[in-house]
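S.K.: Below you'll find the structure I mean.
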Amino acid sequence: IDKCFPGKGPLGHSWLQGIYKVREKWSSAWVNSHFGAGMKSTQLSECCNSNLRHYLQSEFSIPRFFVHFDRMLDNKRDAEEEEEYIALSTFADCRFSSSAIVKQVADLYTPKIFQLFLGQYKESLSYNVFPNTELAQEGNVKIFDVFTLLADFSRFDSRLLIVDFDNGEIKCTCRKWESSGLLCKHQLRGYDLLWSTTCNVKFHHIPSSLILKRWTRTAKTGGNFGFAVSSTEAPSKYRSRLFNISAVSASLISRVCLNDDLYKTTMDFMSDLIKKCEALPTVETAGTGGSTNCESDVPVRNVKGFKPKKDSFKPSKRPITE
């Protein structure tokens, strides 16, 4: 400190010392063990300021402030619904079809989260995993070294993997999963190599405890979409039914929205239909090996004739005047 701030003396560093005392609240090295969805401390305030800048002005009255604030919330909800539809109706870009863990999360994660996962997986291919012989091992919990090699064959980005052979969980000292909820490249490399070397079925797939629901396609429960996405392929009969209903609904929606009477009649009919579906008992379905109802877990991908609205509303950047 004295070299960086010469001539200040011990009292001149009081501000810096005060900041250092609360380092666990702002330093990424100290907060990695706490979940933050991968967000930095400044991102939240910058995002809020950017959103509010196009809707609000300092001279607005309180009632007018809430009018524009509600409009901003409506636009964000519309964007969220559009992203949700895209997540439920598109294929995942699965480039590593030979990897079991990539195929597992391809239909679980949303497209954006899956691309982040795919980036970590591609980086993991250059890493090596070896048993650690220096640290003590306890029971079925083993410690491994994971690292990549530089041009001079020296280790780079060396981490420790704590592997629990009982439940198939792998934890890494980089703490990416603890802070963001996504597996890091070190953990992914551990799953790939442990499965190929030990043939332990517990490392063939990622445990459900390491897949956060908030990053999956079904994270938003009770949404406008009355179906969920399953990681298993649905029978062709139910997929065909889903596509047919979606195509008919798409053509009907474009007509109904143009007329107020048709809109009200359709909404009343849909409300009655939902009540009838909820009242139907769960029946045994042949060929599925289980029971199903109106809300069966059917994966939805590229529904023909049902495309997301592209000309979505975008707020003007011009300041709003009275």
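Glycine too: its Cβ is placed from the backbone N, Cα and C atoms.
Straight out of TrEMBL:
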- 161-195: domain 'SWIM-type' (DOMAIN)
- 288-322: region 'Disordered' (REGION)
- 308-322: compositional bias 'Basic and acidic residues' (COMPBIAS)
S.K.: Count up the helix, strand and coil residues in the domain 'SWIM-type' (161-195) according to DSSP, in that order.
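M.R.: Result for the domain 'SWIM-type' (161-195), in helix, strand, coil order: 16 helix, 8 strand, 11 coil.
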S.K.: On the 0 to 100 scale, where does the mean pLDDT of the domain 'SWIM-type' (161-195) fall?
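M.R.: Averaged over the domain 'SWIM-type' (161-195), the predicted model reaches a pLDDT of 87.
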